[in-house]
Amino acid sequence: MRKLPNIIVTGTPGTGKSTHGERLAELMPKMTYVSINEYIKDHSLQDGFDEELQSTIADEDKLIDLITPDLEIGGRILDWHVCDIFPESLIDLVVVLRTSTTLLFDRLKGRNYPQKKFDDNMDSEIMEIILSDARESYDPQIVIELYSNDKDDLESNCQRIESWTKQWIIDNDEDTQ
Ligand code: ADP
């Protein structure tokens, strides 16, 4: 049985996944933050390149094969905009970050994405695509939607996730069962 939970931090690009992941790792040194984009690069898990979107295509089967043993150990904070491919039995919390469209517009403008990628991401946020994917792929009770508009949101979200993690550890401690 895992002693630490696995948490997915997901959301449209620009909503603050990496900012939250890094802050969570500071607050909870026993947890390991994994940027899946970096993991794909580090482990050569690319399966082509989408020229139109200027995006790497990931080999998701290889990614799951490689990361599953880490998830079985537990204590992973996974940061990726795709949330629905990880084994349901190994995921304890799915945090879907949301950002107001005006703020997201400004954040994405700074990234110099191709127009189609920019439009697709804005549409995805407006249509709540990632939230729907998360609720369809995992028990909706473990999916939480949190706003990431400003620094106060960042801090309160991370504290909330830290409290949740502490409680998970108590609830799953074999010695107290
Ligand atoms: P993602 O990993 O989802 O693509 P980032 O964490 O890279 O998003 O954040 C995108 C930009 O928005 C960064 O400049 C970051 O500092 C800013 N940002 C993200 N979340 C917040 C927040 N809650 N408050 C203020 N700025 C934020």
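Here the Cβ of each residue, glycine as well, is placed from N, Cα and C on the backbone.
Within Arg111, Arg135, Arg160, the residue that TrEMBL lists together with Gly14, Gly16, Lys17, Ser18, Thr19 for binding ATP is Arg111. Taken residue by residue with DSSP, Gly16 (ATP binding site) is part of neither helix nor strand, so it is coil.
Those same-chain residues not listed among Gly14, Gly16, Lys17, Ser18, Thr19, Arg111 yet with C-beta within 8 angstroms of the centroid of the ATP site C-beta atoms are Gly11, Pro13, Thr15, Arg107. Long-range neighbours of Arg111 (ATP binding site) (same chain, six or more residues apart, CB within less than 8 Å of its CB): Pro13, Gly14, Phe118. The average pLDDT computed for the region 'NMPbind' (35-58) is 96.
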